[in-house]
Amino acid sequence: MKALLTGNEAIARGAYEYGISVAAAYPGTPSTEILENISKYPEIYSQWSPNEKVAMEVGVGASIAGARTLVAMKHVGVNVAADPLFTAAYSGVRGGLILVSADDPGMHSSQNEQDNRHYAPFAKIPMLEPSDSQEAKDMVKLALEISETFDTPVLLRITTRIAHSQSLVELGEPMEREIKPYTKDAKKFVMIPAHARTRRVFLEERDAQLATFSEQSAANFVEMRQQSFGIITSGVSYQYVKEAFPQASVLRLGITHPIPKQKIMDFANEVDTLFVVEELEPYLENQIKALGIKVVGKDLLPPYGELSVSLLQKNLGAYLNVANPSVAVTTEQSNIMQEVQQPFTAPVRPPVMCPGCPHRGVFYVIKQLKLVVSGDIGCYTLGTMPPLEAMDTCICMGASISAAVGMEKANPELAGKLVAVIGDSTFMHSGVTGLMDVVYNKTAATIIILDNSITAMTGHQYHPGTGKTLMNEDSPTVDFAALAKSLGVRRVAEVDAFDLETVKKVIQEEVAAPEPSVIIARQPCALMLKGQTEAVVCEDCKACRVCLRIGCPALSFDEEGKTVVVNKPLCTGCNVCIQICKFGALRKGGA
Ligand code: SF4
Ligand code: SF4
């Protein structure tokens, strides 16, 4: 039976069919749905971990205990998990171990764009890159086999378009789940220097064996057509190549570390002009050039962002027209190019917090108080957008608190003006360690935890502060106030995020205090509210426009600019605008 699946769903299906017993992740677009879908298979123990490092460590432990294991994260998460990953490359596995890295070319929802293919040669582990959902599932099987045969974690690298695009997948029956018998093997799994030195040599031997495997693997295949030009490609770029140049010969690499050098040389000898089509870095191109092969790649294609069919036709087509008119772009392709190059006229919608978002009022107050804000990654990062513009820094997950320590240490005058703002899930991810630093190194930082009781930005995943697991079981809930106190914070306040007067008073008090403070501003994410409470209405508006300063999408002006209009289907009745209107024009439910 076939089903239409996204790459993420297909990887989850592969985990189910090919005997994965343990799966762990921290949610992050574009990888989130892998674990969400795995959790639908009760045969697999699955968990959200507080961060990617923890997820990786859970995976390594499960593999050592004999289980086939999958760990998933977005590209930046691999930076967090790099520490255990690099050592797991040494210790190897018992049950097959897959790390899925979901990269985000074009930064659809990421703070940077990084090409995680470099992690494979860096950590000396094999890497697979699927080109559609069927391969995403098939490569779970291949990765497990490689992992167990060659005693190595395997990097399964996907990108946003593979993760989120749908294609047909043949569904199979699940194999029997097996936990290999546990035996102690300290020389393999205890990486003290004496043991690690032995494994270091093993890493080189393993890479050489994997290179031979890569030469023979059907995951690297040639589609021979025109000999005048050939293209080496991998991942989603293979789909763009097929659509842009159906007449081209193609070497599609499914194993992109180690690359099959002989296969590449043989292919290069078969074609007159050789291109490498790959997104982001010249990862394949540099390795192919190092083989002494003349190849055209990043001379024509950008080393950033996503590729597209039109971009390939435009840039490679122009090159071919000049260099080899006999293989010039066909009329049909030229027509397609003109079509896709027509300007895209959909209106641009800037990212904005949802109506009723509990973060909006807190940022409104912070802006009123003219505070310096060390921010973090989550929906609340949108507090940096107009009209709120209430954020000074945003670096990576958990950095708000530790960066605030640095800012205060560097410039003590900031002590009375600085707040670190972090969400509940991000605080669990890696904010707790920063808070320890605040206390331990004696700063007066004020930390505002925006607790909306969920990991909102990635689509409502649970975390240790929510009292629920990925498998929907009740679990103990981390008490942020008690946790902060246990870390040595003496000033801990809990406020209603919609009560702007109290929020303002408490922030003023805590910022002025000469010691660390934690303020927990609580209200659930607006998208979790079941059914709408009474929507706000506007009567006798004085058109002062003050309420627009909160940037709520439910508020706008009528065409003449005389009165505020409340979009009732959007309004959640959060009350924030009511508190801001000094004329009492905004009222709940027309009261
Ligand atoms: S998803 Fe929730 S937390 Fe995020 S902007 Fe919307 S209401 Fe706010
Ligand atoms: S609703 Fe109130 S705050 Fe908004 S423009 Fe009218 S009078 Fe001003």
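A Cβ is built for glycine as well, from the same backbone N, Cα and C atoms used for every other residue.
Predicted automatically and left uncurated, TrEMBL annotations should be read as such.
Taken verbatim from TrEMBL:
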type    : residues                       : note
BINDING : Cys541, Cys544, Cys547, Cys581 : [4Fe-4S] cluster 1 binding site
BINDING : Cys552, Cys571, Cys574, Cys577 : [4Fe-4S] cluster 2 binding site
DOMAIN  : 562-591                        : domain '4Fe-4S ferredoxin-type'
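For the domain '4Fe-4S ferredoxin-type' (562-591), the list of distant contacts is 355-358, 360-361, 364, 498, 500-501, 523, 526, 529, 532-544, 546-550, 552-556: same-chain residues at least six beyond its ends, Cβ to Cβ under 8 Å. Residues in the domain '4Fe-4S ferredoxin-type' (562-591) partition by DSSP class (helix H, G, I; strand E, B; coil) as 5 helix, 6 strand, 19 coil. Cα separation, Cys544 ([4Fe-4S] cluster 1 binding site) to Cys552 ([4Fe-4S] cluster 2 binding site), rounded: 16 Å. Fewest other C-beta atoms within 10 angstroms, among the binding-site residues Cys544, Cys547, Cys574, Cys577, Cys581, are seen around Cys544.
Between Cys547 ([4Fe-4S] cluster 1 binding site) and Cys577 ([4Fe-4S] cluster 2 binding site), the C-alpha separation comes to 6 Å. Confidence over the domain '4Fe-4S ferredoxin-type' (562-591), given as mean pLDDT on the 0 to 100 scale, stands at 90. Listed in sequence order, Pro355, Gly356, Arg360, Val576, Cys577 are the same-chain residues at least 6 apart in sequence whose CB falls under 8 Å from the CB of Cys552 ([4Fe-4S] cluster 2 binding site). Other Cβ atoms within 10 Å of the Cβ of Cys541 ([4Fe-4S] cluster 1 binding site) number 18 in total over all chains. A separation of roughly 16 Å, to the nearest angstrom, links the Cα atoms of Cys571 ([4Fe-4S] cluster 2 binding site) and Cys581 ([4Fe-4S] cluster 1 binding site). A Cβ distance below 6 Å to any atom of ligand 2 is met, among the binding-site residues Cys541, Cys544, Cys547, Cys552, Cys571, Cys581, by Cys541, Cys544, Cys547, Cys581. On a Cα basis, Cys541 ([4Fe-4S] cluster 1 binding site) lies 19 Å away from Cys574 ([4Fe-4S] cluster 2 binding site). In the three-state DSSP scheme, Cys552 ([4Fe-4S] cluster 2 binding site) is classed as coil. Same-chain neighbours of the [4Fe-4S] cluster 2 site beyond Cys552, Cys571, Cys574, Cys577, judged by a C-beta within 8 angstroms of the site's C-beta center, are, in sequence order, Pro355, Gly356, Val536, Ile550, Ala554, Leu555, Val566, Thr572, Gly573, Asn575, Val576.
Each residue in Cys538, Lys542, Ala543, Arg545, Val546, Val564, Cys577, Ile580, Lys582, Phe583, Ala585, Leu586 lies on the same chain as Cys541, Cys544, Cys547, Cys581 and has a C-beta within 8 Å of the C-beta centroid of that [4Fe-4S] cluster 1 site, without being one of the site residues.
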